[in-house]
Structure formats: structure tokens, C-alpha cells
Amino acid sequence: MQNNRLASLLKEAVLTFVISLILFGPISGLVLDGFGFRNELGRSVTLAAIITAGRVLVSLAGMSEIGKRLRSRLTSSNSGVTVNTGQERSPLLPLAVLFLAGLALPFFADKYFLGIAILALIYCLLGLGLNIVVGLAGLLDLGFVAFYAVGAYLLALGYQYLGLGFWSALVIAPFLAGLFGMVLAFPVLKMHGDYLAIVTLGFGEIIRLVLNNWLEFTGGPNGAPVPAPTLFGLEFTRTAKQGGVPIHEFLGISYSGDYKFWFIYVVLFLVVCAVIYAVHRLRVMPLGRMWEALREDEIACRSLGVNHVFTKLSAFMLGASTGGIAGVFFAVHQGFVNPTSFTFFESALILAIVVLGGLGSTVGVVLAAIVLTILPELLRDFAEYRVLVFGILMVVMMIWKPRGLVRLTRPAFFPSSHSEAGIALRLEPQTEAGR
Amino acid sequence: MKTPILEVQNVTMRFGGIVANRDVSFAAERGAITALIGPNGAGKTTIFNCITGFYRASEGRILLNGRNGPQDIGQLMTRPITGGSHLVTRAGIARTFQNIRLFKEMSVVENLLVAQHLATRNNLLSGVFRTRAYRAAETEAVDRAYFWLSQMNLASDANRLAGELPYGRQRRLEIARAMCTSPALICLDEPAAGLNPSETRELSEVIQRLCAEHDLSVLVIEHDMGLVMRIADHIVVLDHGEVISDGTPDSVANDPAVIAAYLGVSEEEVTA
């Protein structure tokens, strides 16, 4: 038995070494030198040896008691969905603490960290929006960034041509983005799966290309400036530029560029909380249930009288609206927009957030958004390898947690006390508790 | 005589050059169990899909004499923009499927709640702000779901995932879900397929009870002849897309055309 294990360990180590040698050989073993190349195979051998050692260590750890327990825990939670028992403790207290902590963050964080936090919240919004479309309604959308761009450019161009401010853009953006969502959704609703993904991918690119090439209207690759936000006519700039009063003069304090970011953070935080609440409610509402039912089985839905076209349309529009709101915040945070912010990579990143968080799980999406924004910041030193680490993370996730970081739960429903079934249940409480 | 709940008039269904149903006419009586039988490939499921609005019949009419007077199924489906098979369900025809189609990753109650989406408040804002009317409608829907669950002996499974249930219970859940749309006619596509004898017996009791207690008409496709002969008031036999016999169980069972279709005929009889 012991021998057997050792042999398999050895086999694994040799296999790992060979594969990594094949991979690293050309990548780091051959160095371009003018028109020829130098041979530095020693480097790739070292790299392969490091990887092999790591593989052996992982295997050894997996054989130990702790490793075994860890592994069984990781794999057993794969089963996916569970139904609540209806006796869970209300998470109100921890949520309230989180809410207050989130609101108080600007007082503790420096400007750099606040910037990351704003970005993380923007991705939260995007993830929540896409989660409605992909996670709940099951429509794969690869062009979600288009609605993000619509929101961002609404503020930039609206200011330029119509004199819209931050607040009016914030109100108009969900409707405009929803309208764009409807325009996209109408022709594509008959499609399923891969076809839908390709069409939405195309739509995302169309929006970006239009923004890039319509020089007279959008400013093309040069982008467009975005006004700073205001609060009841108070401005966050050193001198008033939009006909208001600078906030530091109004309050009689000294000027700091941070005020603007504090303001954006607080408003964004409140909006994210509102959206989280709405999405959370949606999951137990008839509309949200219909989306999920549509994801599970469209034909069965039609047999139950669900209008599948309008249901899909509503998912698309609500998802797009959320993306539009995120766009407004992105624009006002950056102070400038141009088409390079809205590439396909951005769509893929948002999709990664949704998949990583677990399709359909609100908590998971929020966590994944935070992880995927903070991770690149922590990896600044390895900027070159960022995408590689990303890829490895995704592969590992798909192997061990294919259903996402957070396990899905479904709400429990009980009959009201005055109905017949409710009385029957009350008489036999032990059958329910026995489950 | 009462008007039949469903009238199928000269329905022909073609897929390209293939004729699946030719000139099919029959009627399903109100408050009775009508069975549609026939050998494999006789076109039973095709006519079923025409009735429940999943196919548009190439020719002929299907009339439902439901709560809102006579309605043409074909017209409901081709109504511009809003038309579709979901309108057929709203008119009062519910169906189950040959291969069970439940929302497997949703709980049993949720399956039934989706079916009641016309009775619940679907307005986005009323749900987000939990208005009084929204809560009342939700409570009512949950209670109705529990009512049908207890009718189907499923109440103890209410808060489990639909996909986790044993096969026989999934079958009954599908019927309960169809009942939640409050139909006038329920169409069951091979409800006894894959059930063991005791489950089949339980099912036939359920179907008879639906018919007797809940003022429902049932149209059922079934291969289990024991079940059909036991529960059906009226049997329609299809073969090669055409109606070859139509009558009470006794008359159908003794009809030579039906026996020939099921058992085949010897060569002498064909030449004779």
C-alpha cells in the first residue's frame, strides 16, 4: 500500500515535470537576441523543478488527515442548491453592522483605497445587473459592457449637449440603458444559448465602435470630459465651475480633493445597497421566480401561461438598467470617458464575477466583485502575470467549486395559519421538523 | 346535452411532406375523462401539442368552450405580438409532459407559485416595497399551492427541491402544478409512464378525484390499457394519424379496427 502510493506520487511528479518543461521550454528557455536566440534551458528546468516540488507538496498535503478533511469539505459542498428550513436566524444584525462599516469606510481609508472601494462597488453593480440576466434568467450576455458605456456616455454627452448633471443622469441612465436593452433584446429573444451570446457580443462591440468612430458626436478615441458631481448646488471643486458654491467654502473648511470621492463613495454605497435589496426581493417575487423558471425550462413555462417573451425582455431591461447606473458612477469617478474603458475584456470580467460568485447568488456576486477588484491591486507587482493568475483562479474554481463561491439557497414557504393546510401542519409539527 | 369542453374539428397537421394527423375530429365531454390511445407513432402527441397550443394545426379548428365562451386555439396562437402558447393556458387548458418538465432547482412550492403568476402581484414596485395587496396575494398563492400539494399527498415535500423528489412524486407534482393554473381542461401526456402498479393505482384515483370533486375535464394519453379502461368515460383511438374508433371503453375494446391496429392482422384477412 505504502509502496503503491509512493509509485503513484513519483509518476505524478515525473508527469508534472515533463509537462511544465514542455510549457516553459520555449517560453523562458529561448531568449531572443537580435536575429538569433540564446539557449537558456537551465531557467526552464529550474521553473519546472519548482512546479514539480509544489505538485508533490500538494499531493502530500492531500494525503494527510487535515488535507483529507479539507478536501471532503470542499467537494461535499458541490451539491449546489438547498432549500431553507424557515428557521434560519435573521441576518439583520450582521447586515446592519456591515452597512454602518461600509458607510464609515471613507473616514478610515486613504484616497488610494477609497478609489479601489469605489471601483469594487461599481463592479458590484455591474455584477448584480448581469446576474439578473445570466444568473436568474439564464440568458448568456457577452456584451453587457454596452449598457455600462451607455450610462457613462449619457453623463458625458448629456452634460456637453444638454447640460445634464450627475443627479439627472443618475435618474435617466436606468431608463435609457433599459431602452437600449429592449432594442437589443427584441430581435434576439428567439435565440438560445450560444447564438444569443454571439449576438450580444456583437452588440457590445457595435456600441464601442460607434463611440470610437463617431468623432463629431462622441469625441471618438479622444473621449469626452465628465462634470464633477454636485450636491444641492454645492460643488466639490476648488472653485465653482457649474454656477454653485464650493462645498469647502460653504462649510468653512479647507479644500481637499478627497471630498468628491467621499461623496461619490457614499452615494454609490447607498445605491448598491438599494440594488442589493431589490435583487434580493426579486428572488422571492413572482417576476424573479418566472425568470428562474424560464432558465430551468422554457417549454414548461409556456405550458403554465408565462409569457416568455415579456419575461425575458424584463430581465434584459432590468439588467441593462443596473449596468447604466454603474456607468454613470464610473464616468463621474473617472471625470473622463473614452471607448477603451468598454472593451470586450470588461464584459468578460463582469461575466467572471457572476460565474465566480455562483450564478444567481447575490452574496456571491458581491463577494466575487470585491475579490476580483482587489486582487489585481494586490497583484500590482506581478502586473505582467495578472491575467495568468486570473486564468488559474478560474480553472481552480471550475474544478472545485463549479457552482460558485457561495452555495445557493432557496426560500422556504409555509401556509398561512388560517388555511386548512396550515392547520394540518400545525397539528403535525414533528413531520416538518423531521425533514 | 351539454356542450363538450373541447371540440377538435377536422384537424390536419403536416410537417413538410409528412402528414402526422389527417382530418382528426373528436370531442371531449365536460366533466369526463377522455382517453386518447393508439400505437406508437399514431400522432397522439402531435394532436396533443395542437390542443395545448405548442403546434399550430395546418388545417381545421380546435374549439375550447371554457369559462369565456368558445375560443379558437389556433387564433390565440397567431395573435400578433402577444400571441403564443401561453394564451392557451390562460384560456383554461393545462398540460403535463411525457418526460417530466419540472423546475428542478426550485423548491416544490416555488414550482406551484410560478404556475399562479396570473393571480399574484407581478408589479415590480409592489414586490420591492411589499405592499399590503402584494402580501395578501402572495399568502393566497402559497395557501393555494399547499391546498393542491395536500390534494396530491405531497404536502410533506413542500420545501424540498423538485429535482430531489422520487419519480412518482415528480409526476404528481407536475399535475399539481398544472392544477394551479386553475384550468377547465387538463391534458395529461402519459401520466403513468414509469410508475409501478401501486403508484398507477394511486394516480388513477387522483385523476378520478380531480374529475369528480373539482369540476374538471381530463384528456389523457396513455399506453397502460388497464388504467385507461378503468378510468376513461370515453376513448378515442388514433392510428396512422387518423381516428379509427371513438366510443365508450367497451365498444372500443371490441372494435375489430382497434384490435387490428394493436395486434396486427394476419395475411389472409388482408387479402380477403
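Glycine is treated like the rest: Cβ placed from N, Cα and C.
Remember, predicted model here, so these are calculated numbers, not experimental data.
Beyond the transmembrane segment (A:12-32), the same-chain residues lying 6 or more positions past its ends with a Cβ under 8 Å from any Cβ of the stretch are 38-41, 43-45, 47-49, 51-52, 55-56, 59. Annotated transmembrane segment per TrEMBL: A:12-32 (among others), in sequence order.
Annotated transmembrane segment per TrEMBL: A:44-63 (among others), in sequence order.
Here TrEMBL flags A:92-109 (among others) as transmembrane segment. Sequence-distant contacts of the transmembrane segment (A:92-109) (same chain, six or more residues past either end, CB-CB distance under 8 Å): 117, 258, 261-262, 265-266, 269, 273.
Residues or ranges marked as transmembrane segment in TrEMBL: A:115-137 (among others). Long-range neighbours of the transmembrane segment (A:115-137) within the same chain, counting only residues 6 or more positions beyond its ends whose Cβ lies under 8 Å from a Cβ of the stretch, are 105, 109, 144, 147-148, 261, 264-265, 268-269, 271-272, 275-276, 279, 282-283, 288, 291-292, 294-295, 311-312, 315-316, 318-323, 325-326, 329-330, 333, 349-351, 353-354, 357-362, 365-366, 368-370, 372-374, 377.
According to TrEMBL, the transmembrane segment annotation covers A:144-162 (among others).
Per TrEMBL, the feature transmembrane segment maps to A:168-188 (among others). Using a Cβ-Cβ cut-off under 8 Å and counting only residues 6 or more beyond its ends in the same chain, the transmembrane segment (A:168-188) has close neighbours at 143, 146-147, 150-151, 154-155, 158-159, 195-196, 199-200, 203, 207, 271, 312-313, 316-325, 327-328.
The transmembrane segment annotation in TrEMBL covers A:261-280 (among others).
If one looks beyond the transmembrane segment (A:313-336) by at least 6 residues along the same chain, the residues whose Cβ comes under 8 Å of a Cβ in the stretch are 115, 118-119, 121-123, 125-126, 128-133, 136-137, 139, 141, 144-145, 147-156, 166, 169-170, 173-182, 184-186, 189, 223-229, 261, 264, 267-268, 271, 275, 287, 291, 294. The annotation transmembrane segment is assigned in TrEMBL to A:313-336 (among others).
TrEMBL lists A:348-375 (among others) with the feature transmembrane segment. Long-range neighbours of the transmembrane segment (A:348-375) within the same chain, counting only residues 6 or more positions beyond its ends whose Cβ lies under 8 Å from a Cβ of the stretch, are 116, 119-120, 123-124, 126-128, 130-131, 134-136, 141-142, 144-145, 276, 279-280, 283, 292, 389-390, 393-394, 397, 403-408.
Annotation source TrEMBL lists transmembrane segment at A:382-400 (among others).
Remote same-chain residues near the transmembrane segment (A:44-63) are listed as 5, 9, 12-13, 16-17, 20-21, 24-25, 27-29, 71 (criterion: CB distance under 8 Å, separation of at least six residues from the stretch ends). Within the chain, the transmembrane segment (A:144-162) has long-range Cβ neighbours (under 8 A, six or more residues past its boundaries) at 126, 129-130, 133, 168-169, 172-173, 176-177, 180-181, 184, 200, 203-204, 206-208, 211, 217-218, 223-227, 319-321, 323-328, 330-332, 336-337, 339, 341-344, 346-347, 350-351.
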